[in-house]
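The structure appears right after this line, and notes come after that.
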């Protein structure tokens with residue numbers, strides 16, 4: 001095994017991939033298997049380099065001294081030859097010839113340097129790399145426009161103007177071509193350059209770090225998630241719903257499927273799709289995609305909820321028994337699971353024909369199972385109908401409220417009550433508030449990782465259509481078979497707890513969303529932030545200066561308030577709280593990793609300012 005040449009912490013010169021330029025980097029680690037060094041650039045970017053791409057600083061200083069010592073003698077020799085008094089006529093002719101050659105060489109060198117710089121700038125923009133310290137000039141309290149950030153577009157529009165324009169580009173990126181970089185053999189041809197760009201774009205878009213246990217983990221989750229849902233529903237049906245009290249006999253397979261139930265589910269899905277296509281509500285743009293485009297979304301979730309409420313009210317007026325959902329609850333869950341699987345297969349097949357720039361950053365690994373689970377295509381659309389955005393809020397979230405209402409009527413019928421129990425009223429009210437808030441602030445979902453980063457595959461399809469409506473309604477389903485009486489003082493205390501959680505959740509999300517949309521808003525002048533190399537800021541005051549994920553803290557408090565009306569006889573109603581804590585801790589770790597890669601040193605500074613992640617003084 002060859003010995004490593006550079007030690008951890010050593011400051012060396014590292015070559016930027018795809019170029020001939022070297023920058024000052026610090027060695028952070030060395031992999032004995034791949035023989036690659038992990039180095040960190042000054043802006044916080046971390047890359048893996050071969051030993052041949054790393055040189056010591058002393059070698060660069062030596063070259064510089066040699067170049068500076070030899071250039072004066074060459075210049076003096078050139079002047080003495082052109083001004084020789086012995087051969088004036090021939091000297092003048094040679095001087096004019098040399099002058100023309102010198103101009104041609106200079107013009108060719110400028111064109112080659114311009115071309116090389118253009119490619120380097122495109123590569124920097126592609127990788128999100130900002131090597132210059134002059135980036136700090138951006139942060140004057142006002143956001144930069146996308147046109148201002150797109151340096152490659154700026155260079156193309158100016159069509160490589162020489163001299164002054166090139167000086168400005170050189171100053172912006174701190175790029176200075178050395179003499180050896182001007183050699184013809186080290187300058188890429190135009191064809192090879194753009195082939196390199198295309199190859200780098202394809203390589204950079206591949207998902208390198210796999211989540212959820214990789215291929216094996218995602219394969220197991222495809223079966224484990226449906227099994228968990230059916231297990232929880234079966235347990236709620238038992239007289240003793242202890243987690244270890246497994247059902248003595250599983251239901252027959254033919255009893256889990258009914259064509260009429262599946263038809264009702266399809267009717268519900270397409271009814272919500274019809275409501276989402278109605279030309280009501282404003283149309284907004286999402287965040288910029290990797291290719292610079294912005295998709296448009298119609299914000300009409302509140303209108304869809306009102307129309308759904310009117311339709312359900314009409315059914316109740318004509319004496320439709322809503323507890324039909326409770327009687328066929330397991331069959332509805334099976335129908336939703338089958339539909340989500342079929343939808344996932346369709347999404348993956350259509351993603352195989354999607355352009356590279358439309359694939360999801362987190363679901364483009366090249367492994368079938370992993371990409372099928374996480375989602376291969378970022379924003380699958382049928383015309384203007386966005387499948388992922390629609391499923392995020394409409395059929396599952398509004399269906400959650402409808403299921404809760406069905407459980408309320410089922411409780412009254414089964415226990416011969418004229419009014420629902422106080423516990424059932426609290427559960428329905430708390431979760432109704434949560435759903436209405438999500439629909440009222442529908443535009444905020446456009447900034448979440450589900451929309452901007454995750455593809456639409458089995459994970460989101462099953463989560464939106466099965467997990468949300470059938471697991472989130474677990475407390476209401478539990479109360480039907482296991483009624484729990486609570487006093488008014490206890491109900492008041494639980495209500496206060498839910499209000500606290502909701503206030504933290506909503507105010508934290510509002511701060512984040514408003515700041516992302518318009519950091520220069522005078523209403524947000526009291527917020528302080530740390531600037532980053534991406535042009536965005538990291539809030540260090542308000543809720544985001546209290547803990548790193550205050551919205552998760554509010555979520556957990558509300559989840560606890562939803563479970564408390566079920567009492568403490570069994571842990572089953574608290575499954576949602578346990579699951580939610582595990583989910584948010586996973587998301588938090590995922591966000592931490594993503595933000596560290598994205599923001600570099602700025603994220604390290606933010607973590608020093610805000611040490612607690614979710615729970616203050618605990619975690």
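Backbone N, Cα and C atoms are what each Cβ position is placed from, and that goes for glycine too.
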From the ranges 188-205, 242-259, 332-349, grab the one TrEMBL calls transmembrane segment.
332-349
Region 'Disordered' per TrEMBL, picked from 52-108, 394-450, is residues 52-108
Could you check which of 281-300, 301-320 is flagged in TrEMBL as transmembrane segment?
301-320
Transmembrane segment per TrEMBL: which of the ranges 161-180, 261-280 is that?
261-280
Per TrEMBL record, range annotated transmembrane segment [choices 486-505, 506-525]:
486-505
Which whole-number mean pLDDT does the model give the domain 'Tudor' (4-62)?
82
